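See below for the structure under consideration.
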Amino acid sequence: MSPLISNINILFFFFMIMISLLNQSSNAADFCVADLTAPEGPAGYPCKDASTVTSDDFYLNNITRTRTRYPLFKVSATFATTPNFPGLNGLGLSMHYFEIGVDGFVPILTKPQTSEIIYVIEGMVDVGFISSDNKAFYKTLRDGDVFAFPKGLLHFFVNSGRKSTARILASYSSSDPGIQFFTNSIAGNDLPSEMVAKVTFLDTDQVKKLKAQFGGTN
Ligand SMILES: *[C@@H]1O[C@H](CO)[C@@H](O)[C@H](O)[C@H]1NC(C)=O
């Protein structure tokens, strides 16, 4: 056997070994598609059997189409988050598409673990957030504009286009962001109204009124 041929043979076997190593290591750590039948923990869902993962786990058909409606705020939204987009599990990212109707708004809220960036597809919207030292950062956005909300801070959206619906795409640094609406949090609970009034500086009557509106008791 000539030295040339034996060198080619060695190279060939080297490549075969590389390819088989690559094949063995494929998949295992590429993704952790959510097993939605198991409970969700702080780090997300457990992974479902990789052999049952399909392209549809990484796909959501037309995010603008099937929206959940919130008539009180004149908002409708589609959530591309782990519960309806299992391929996002563990990736630390997700999306919402939402529309805010004329006179509509998103009430002040925080996503405690999650930073956010939005893109205004259409319309005009006032957005803002309040920092830990109570400084307000506030802007009027029009179609094509982008705005970022740092993690955990209280923020809001108000449709300021007199006649047009605002259409917005938002991306998050979490696969399934927890959301706390400020007013729901203080008025949607079963704490005694007197206690809520004391810790919020609101009047007890005002707290009772808000509790009736936001499903709280006591
Ligand atoms: C997606 O949904 C919107 C309705 O929100 C519709 O106007 C649009 O045609 C849909 N896209 C496709 C490709 O069907």
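The backbone N, Cα and C atoms fix where each Cβ goes, and this holds for glycine too.
According to TrEMBL, the protein has these features:
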BINDING   E116, H155  Mn(2+) binding site
BINDING   E116  oxalate binding site
DISULFID  C32-C47  disulfide bond
DOMAIN    61-208  domain 'Cupin type-1'
SIGNAL    1-28  signal peptide
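If you take the Cα of C47 (disulfide bond) and the Cα of E116 (Mn(2+) binding site), they are about 25 angstrom apart, rounded to a whole number.
Ranking the disulfide-bonded residues C32, C47 by how many Cβ atoms sit within 10 Å of each one's Cβ puts C32 at the top. DSSP places the residues of the domain 'Cupin type-1' (61-208) in helix, strand and coil in these numbers: 25 helix, 62 strand, 61 coil.
All protein chains considered, the CB of E116 (Mn(2+) binding site) has 20 other CB atoms within 10 Å. The Cβ of H155 (Mn(2+) binding site) lies under 8 Å from the Cβ of I108, L109, T110, E116, V127, G128, F129, I130, F149, each of these being in the same chain and 6 or more residues away along the sequence. The domain 'Cupin type-1' (61-208) scores a mean pLDDT of 96 in the predicted structure.
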